[in-house]
Amino acid sequence: MPPPPARTHPNPPLLHLLASHRAPQPLPLTPAHGHLPPRKRPRGVGSAAAPPPPRAAASAEATYSDRSAALRALCSHGQLAQALWLLESSPEPPDEGAYVALFRLCEWRRAVDAGMRACARADAEHPSFGLRLGNAMLSMLVRFGEIWHAWRVFAKMPERDVFSWNVMVGGYGKVGFLEEALDLYYRMLWAGMRPDVYTFPCVLRTCGGIPDWRMGREVHAHVLRFGFGDEVDVLNALVTMYAKCGDIVAARKVFDGMAVTDCISWNAMIAGHFENHECEAGLELFLTMLENEVQPNLMTITSVTVASGMLSEVGFAKEMHGFAVKRGFAIDVAFCNSLIQMYTSLGRMGDAGKIFSRMETKDAMSWTAMISGYEKNGFPDKALEVYALMELHNVSPDDVTIASALAACACLGRLDVGIKLHELAQNKGFIRYVVVANALLEMYAKSKHIDKAIEVFKFMAEKDVVSWSSMIAGFCFNHRSFEALYYFRYMLGHVKPNSVTFIAALSACAATGALRSGKEIHAYVLRCGIGSEGYVPNALLDLYVKCGQTSYAWAQFSVHSEKDVVSWNIMLSGFVAHGLGDIALSLFNQMVEMGEHPDEVTFVALLCACSRAGMVIQGWELFHMMTEKFSIVPNLKHYACMVDLLSRVGKLTEAYNLINRMPIKPDAAVWGALLNGCRIHRHVELGELAAKVILELEPNDVAYHVLLCDLYTDAGKWAQVARVRKTMREKGLEQDNGCSWVEVKGVTHAFLTDDESHPQIKEINVVLHGIYERMKACGFAPVESLEDKEVSEDDILCGHSERLAVAFGLINTTPGTTISVTKNRYTCQSCHVIFKAISEIVRREITVRDTKQLHCFKDGDCSCGDIGYG
């Protein structure tokens with residue numbers, strides 16, 4: 001091995017030392033002779049060769065000693081490359097002191113490659129390590145994060161002191177092997193080793209990192225037993241441990257009982273309050289710190305600055321900004337980063353941007369703070385712009401940067417950028433971080449690529465509650481509610497769900513009409529004590545409303561003490577869906593009297609109720625009220641409801657004029673409401689005008705083509721019907737298979753249009769045929785006449801899958817049981833007639849929730865009043 005290039009050294013005697021140690025060798029050690037020739041190499045003790053003469057032995061011993069001294073000298077002068085070359089070119093190992101000097105130099109220089117090469121040589125030359133050498137190797141290896149190699153060295157040490165154990169305990173905790181670190185601590189105690197003042201901070205940090213409150217309490221007892229209850233460093237670690245375990249009372253008790261405190265003590269206690277969502281208490285303690293004339297350091301200022309943003313008090317945040325500037329922290333990058341986080345927490349992205357633009361030096365955290373701030377404040381497009389600038393400045397992102405950028409992609413549906421970020425995360429190894437994997441799950445789910453999200457989920461080594469909740473919510477978002485409930489049930493055996501998980505699971509139950517499953521989840525929520533947490537009460541309301549259980553929904557609504565506008569909107573929409581528009585209007589008046597401010601969704605529900613009931617005067621009053629009294633600007637949905645209201649009652653000209661007076665450009669839904677009114681009242685000319693605009697806006701929408709076809713059919717214009725149907729065939733417009741769900745005995749069954757795969761399909765068809773025969777006998781309209789149309793709105797937009805679901809319910813439930821069906825399309829006239837007949841013939845109550853409303857069939861009548869089915 002050639003030596004490193006020679007360099008002039010400021011200490012010439014060192015070169016003389018190297019030259020002098022080579023002189024007595026039998027063969028000179030030169031760059032061309034890195035080792036002794038084989039014939040001259042000294043043999044081992046067990047060799048059969050004759051021992052060297054006394055003069056040669058003395059010379060070899062001197063050479064060995066001089067070589068070790070030279071290695072120590074090189075290390076003391078920082079000549080790492082020369083020292084490593086000397087080590088690897090020498091035929092004999094140096095002494096322990098030389099190795100110790102080399103390992104310490106490697107550790108100080110953070111020279112991982114050189115340190116590992118020296119470690120490998122020492123490991124090969126020593127069957128076991130002495131205490132001094134072993135500790136030097138442990139210290140270096142742990143500093144490099146090479147915990148596996150450190151464990152091998154530790155295992156080869158017959159003698160260990162408290163330093164050896166401390167290094168290993170701290171090393172395991174440093175790389176995240178927290179349970180293993182605690183296990184090592186207890187092994188240390190079992191070995192009879194007495195901990196010292198450096199042991200307990202390591203162990204307590206580990207307890208806080210898990211977090212393990214019980215273990216922390218036990219270690220606290222050890223602190224007192226071994227007499228370290230007055231050591232400031234140990235007490236600081238105790239404060240941090242209790243704070244991270246959520247026991248802020250115990251942390252404060254330790255802090256208040258400290259006879260001597262330093263800045264670290266105050267920082268630990270202040271940060272503990274912030275971490276446990278006690279921002280006011282933390283800020284009060286900070287003010288007390290200043291009163292006691294304890295000088296805050298950078299860590300104090302950054303911690304307090306970030307927490308100031310959580311109080312939502314801009315004035316105090318500004319004061320904190322000024323205070324920190326006066327204390328001389330204005331140019332520090334870490335402080336500027338904390339300022340950005342503070343202002344983004346307050347939603348003041350302009351101020352955050354000013355801080356960012358004035359920073360002379362920006363690190364990855366600076367860019368990440370801006371990206372995260374824009375994303376969390378509803379500016380995902382700005383977040384991606386900043387990320388693009390970050391790439392232009394060649395700043396390497398970290399895991400939080402990528403997670404924030406992925407969240408922005410999820411909001412915007414930017415699958416292209418998301419895929420690139422996925423590749424970057426894989427290349428940098430960030431994919432193993434849960435925060436990045438969770439962001440990928442959300443991005444793929446919201447981009448309608450749920451199968452890709454499943455793939456990411458399967459390869460996650462660690463899954464937390466956010467991972468499972470993201471998958472369950474993703475399935476709901478992609479209309480795969482059965483899989484959402486399957487994942488939820490599987491999750492219960494592995495991870496404890498939180499309120500977000502329950503909300504997603506309840507949404508899946510509501511989408512499929514799985515009332516019994518929803519009730520089970522409701523009971524689980526109550527047992528967990530989170531029945532009033534976050535959006536859970538509203539999710540329960542939504543479940544019962546969509547499953548047609550208005551009595552359950554009203555009971556839940558009544559006991560909900562903290563109703564918000566969403567709670568009122570759910571109940572209003574529920575009453576409207578059940579055809580109870582008068583009750584919805586009465587509830588709205590009660591809402592206003594109780595001081596709840598309605599929003600856009602409130603008036604959409606109310607205008608919908610007026611439309612279905614034909615209440616034109618009340619509709620106009622509400623439309624003007626939302627602007628004049630509540631300062632709500634009407635959006636497209638409000639105009640669509642008004643056009644639908646006017647069109648249904650035959651005021652087509654007034655509806656058309658309203659569209660022309662709209663201050664915003666009408667969309668297909670607004671014109672579609674007019675087209676539907678024209679179909680109802682057979683106004684072909686105006687209907688064709690509306691259809692022309694619609695097909696320009698939505699040329700591939702099946703529903704509008706069918707609506708136009710029905711307009712021509714009802715008017716007897718068969719040539720135009722043929723033309724529209726030909727256009728549909730040429731465009732390949734087909735509706736997805738209709739699907740209906742019915743819950744029987746706690747199990748939800750799904751039926752597709754023309755489904756013949758169900759095990760009871762023969763029984764179902766027999767029941768349906770029998771119902772058709774009984775309908776004829778009872779004088780109902782012939783079912784065949786409704787089913788024999790070539791291509792009708794019934795066939796394309798309905799699919800009749802709910803007939804199979806209802807028949808299955810009749811077979812598998814006891815007489816008198818209500819049958820609840822949910823479907824993914826609207827209920828056609830043919831099915832509507834059949835269900836009215838079934839409710840009268842078999843004396844059953846049937847509820848069918850389609851995409852438009854909820855129908856309650858009882859004794860031959862429907863809650864919708866046959867509006868739209870005349």
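Keep in mind that glycine also has a Cβ here, set from the backbone N, Cα and C atoms.
Feature list (source: TrEMBL):
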REGION    1-62  region 'Disordered'
COMPBIAS  1-13  compositional bias 'Pro residues'
REPEAT    161-195  repeat 'PPR'
REPEAT    262-296  repeat 'PPR'
REPEAT    363-397  repeat 'PPR'
REPEAT    433-467  repeat 'PPR'
REPEAT    564-598  repeat 'PPR'
REPEAT    599-629  repeat 'PPR'
DOMAIN    788-866  domain 'DYW'
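Secondary structure of the domain 'DYW' (788-866) per DSSP, as helix, strand and coil residue counts: 30 helix, 16 strand, 33 coil. Counting residues 6+ beyond its ends, the repeat 'PPR' (363-397) has Cβ neighbours under 8 Å at 333-334, 336-337, 340-341, 343-344, 347, 349, 352-353, 356, 404-405, 407-409, 411-412, 414, 417, 424, 428 in the same chain. Counting residues of the repeat 'PPR' (161-195) by DSSP class, helix then strand then coil, yields 26 helix, 0 strand, 9 coil. Away from its own ends, the repeat 'PPR' (262-296) comes close to residues 232, 235-236, 239-240, 242-244, 246, 248, 251-252, 255, 303-304, 306-308, 310-311, 316, 327 of its chain (Cβ-Cβ under 8 Å, at least six residues beyond either end). For the repeat 'PPR' (262-296), the DSSP-based tally of helix, strand and coil residues reads 26 helix, 0 strand, 9 coil. Note on the repeat 'PPR' (433-467): DSSP counts are 25 helix, 0 strand, 10 coil. For the repeat 'PPR' (433-467), the predicted model reports an average pLDDT of 95. Per DSSP, the secondary structure of the repeat 'PPR' (363-397) breaks down as 26 helix, 0 strand, 9 coil.
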